[in-house]
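Going by TrEMBL, these are the annotated features:
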{"type": "TRANSMEM", "residues": "21-41", "note": "transmembrane segment"}
{"type": "TRANSMEM", "residues": "94-117", "note": "transmembrane segment"}
{"type": "TRANSMEM", "residues": "129-146", "note": "transmembrane segment"}
{"type": "TRANSMEM", "residues": "158-181", "note": "transmembrane segment"}
{"type": "TRANSMEM", "residues": "236-255", "note": "transmembrane segment"}
{"type": "TRANSMEM", "residues": "299-319", "note": "transmembrane segment"}
{"type": "TRANSMEM", "residues": "331-356", "note": "transmembrane segment"}
{"type": "TRANSMEM", "residues": "368-386", "note": "transmembrane segment"}
C-alpha cells in the first residue's frame, strides 16, 4: 500500500516503523486528564459563581436532547439550529448524567488529535514536528476550553480531519461518506469540494502537463484547464457517494421533522445576519444598513463575491497540497464571511497543526503572529464586554 507523503512514497511497513508511537499514549492520556479536570472545575464554578463556565449552547443541546428522548422534535427548543443527530447523540444527558455531552466532546477532541498525528506523520519524518503538532492541538487553551465547556465544535474537527485522513489514504468512498456527514452537520466543508475534485486523479485519457515552463497560447491554456476538470470514474464515484449520503440524511430527517429541519439546519445559516456579536470585516457595513432590508440583502450578496473568488483561487493553486489548501480555504471562508463569531476560529485552527510542514517561517515569526492574533481576539472581546 502506498501512503500520501509530499516528498516520497512509503510502503505501509516503512510508514509504521517511522512513527514515534511511544509518545502518543502519554500525550493523549495527559490531554484526557486535563479535560476531565476542567469539566470538574466547570461543574464547581457553575454552582458557586454568577458567571458560568458551561457554554450557554450546552443547555440548548440538552433541552433539544430531552425533546428528542421524549419523542418530540428537538426544534421545539427555541434557538436549536443544528442537525437532529446532535440532539440524538446527547440523549444520555437526560437518562445518564448531565456531563455526558462534555465527555463526548472531549473524546472527539482526542480523536481529532489522533487524526492529526496520523496525517502529519504522512507529511514529515521529523518526530519533533509531529509531537509539536499534536501538542498544539491537545493542549491549545482554545480547544481545551471549548470542548470542556460543552461546545460541539470538536465533532466538526473530527469529521473534517477524518475526511482528510481517509482522502489522502486513498479511501475515497469512506472519505466521501464522512465528508457528506460533515456538510450535514455544518455547511462550511462544502468549500473543500473543488480541491478534492482536482486532487482525485484516475484515467482521463490524457496526461496532465502541469508545471510546464514553455510559453502557451491562450487556447492551449484553456485546453489545459478543461483537461484538469475532466471527469473520471473516481471523481464521479466520490461525489455520487457523497450526494447519496447527504440526500439520505436530509430526506430521512425531513421525513421526521419536516420543513423546520431544513430551515434550522441549513437555510438559517445561509441567510443568517448578525450585526452585534461579529468579527466580520463587513459587520459595520451591514450594521449601518440594517434598517434597509433590501439594501442589506444586496450587500450580503456583494460581500460574498471576494470570498467566492478567493476560495476558487486557493483551490486551483494549492490542490496538490490538500491540508494546506483546506487551511487557506477555511481561513478565507471565516475571515471574509458576513458572520464570524469566536467559535469559527476553531474551524481553521483544526487544520493548523497538519500544515506545519508546509509553513516556512522561524519560531519567532510564528510565535509573534500567534501572539498578535490572540491579542487581537482578547482586545476585541474585552471591548465588547466593557461596552455591554
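For all residues, glycine too, the Cβ spot is worked out from N, Cα and C.
Please treat TrEMBL annotations as automatic predictions, because they have not gone through curation.
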Would you say the transmembrane segment (331-356) and the transmembrane segment (299-319) are touching, if the rule is that at least three C-beta pairs must lie under 8 angstroms and be 6 or more residues apart?
yes
Short question: which residues 6 or more past the ends of the transmembrane segment (236-255) have a Cβ under 8 Å from it?
83-85, 172-173, 175-177, 179-181, 183-184, 193, 196-197, 200, 261-262, 265
